[in-house]
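> Feature annotation from TrEMBL assigns ATP binding site to 182, 183, 207, 208, 264, 286, 295. Annotation comment: TrEMBL describes 60-164 as domain 'THUMP'.
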């Protein structure tokens, strides 16, 4: 007897009322995409649960992959048996004995199939007695057991589990729409993308690069960051915007003190155009309130004023240490700190305005003309689709 299924539980999806079916279908689709290389594996859904049929596949890498799929509250390796008392007893005993370093146990029966002739409480007693008689050295502890043998008696089969692994939580990616992530290559923006995917947003990304001031390796670093994010949300389109001429023109025509503000406004304008061309409903940034001059509340207000679409800032209330903790957790930190310049770290003014007045910025922009440069940047956009494939250990070793 062996574990032949993975039982998947979803948390807040159960609160979605009449819309729950579309969330479950999306989650099922995302799981299938996450397990694309396991051709024999099947993903089925039943009332309140999803089931992964292993068909001989090694469950360890599959469990690891599923822990990164948003929308999953928890998951367990499971043994599937017929709705027969003796078969359930045998599987429950196997689940208990296969639990390492366990000396105490508890049985929890959930009888979803009300046609099953034995009630839940009685089945608890039957199974508990059976396990005690056939497992030397084990005792019952209903309050703090080393292992909890869970039995779900469903309409067509019974599933027995003995471990519960925490999932990523959140909502299935794609169930809340799509956002365009401003992906700079630093620590913050990949974390922002991760957090918005957790709330069900599919993401595309935009990166502004300024060769020769920024290198090809800096661009590749951004693509590799996007590749790590695909582990959590599937394939990502990255829009690479050639920004050199436009950036030089900004700092040529605008006083240094306001250059960063105008540059961020133009980046947001270009991002809005990309959104309009690709049916994207919002922009996501990695801004954290007060972290740098362009991220004061006054700066955000003046920069934000240039667009009509929502600008989502999931990191706005986090300090740097919190963001770094997330970055390490999702696996982007080591890549993010590689010392390659991006467009926001070149031409940095010595004393940028932390309180740029809207009227002053508008006055400066009226005296300049960036239209042709913006059009040229838009025309030169390169779109790269980063596929959701397994990340190899040495994928970005050449950047180190």
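Backbone N, Cα and C atoms are what each Cβ position is placed from, and that goes for glycine too.
These numbers come from a predicted model, not from an experiment.
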> Out of 207, 264, which of the binding-site residues has the smallest number of neighbouring Cβ atoms within 10 Å?
264
> Work through the binding-site residues one by one (182, 183) and point out the residue whose CB has the fewest other CB atoms within 10 angstroms.
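Each of the binding-site residues 182, 183 was scored; lowest Cβ tally within 10 Å is 182.
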> Once the DSSP letters are reduced so that anything not helix or strand counts as coil, what is residue 295 (ATP binding site)?
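SS state of residue 295 (ATP binding site) = helix.
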> Mind computing the max CA-CA distance among 182, 183, 207, 208, 264, 286, 295, which the record assigns to ATP binding, rounded to whole Å?
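The widest Cα-Cα gap among those binding residues is 19 Å.
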> I'd like to know which of the binding-site residues 208, 295 has the most other Cβ atoms within 10 Å of its Cβ.
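It comes out as 208.
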> Roughly where does the domain 'THUMP' (60-164) sit in mean pLDDT, to the nearest integer?
96
> May I have the DSSP-based helix, strand and coil counts for the residues of the domain 'THUMP' (60-164)?
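Each residue of the domain 'THUMP' (60-164) counted once, the result is 35 helix, 29 strand, 41 coil.
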> Relative to the Cβ of residue 286 (ATP binding site), which residues of the same chain, six or more apart in sequence, are found under 8 Å away?
182, 184, 186, 187, 188, 189, 190, 191, 192, 313, 315, 323
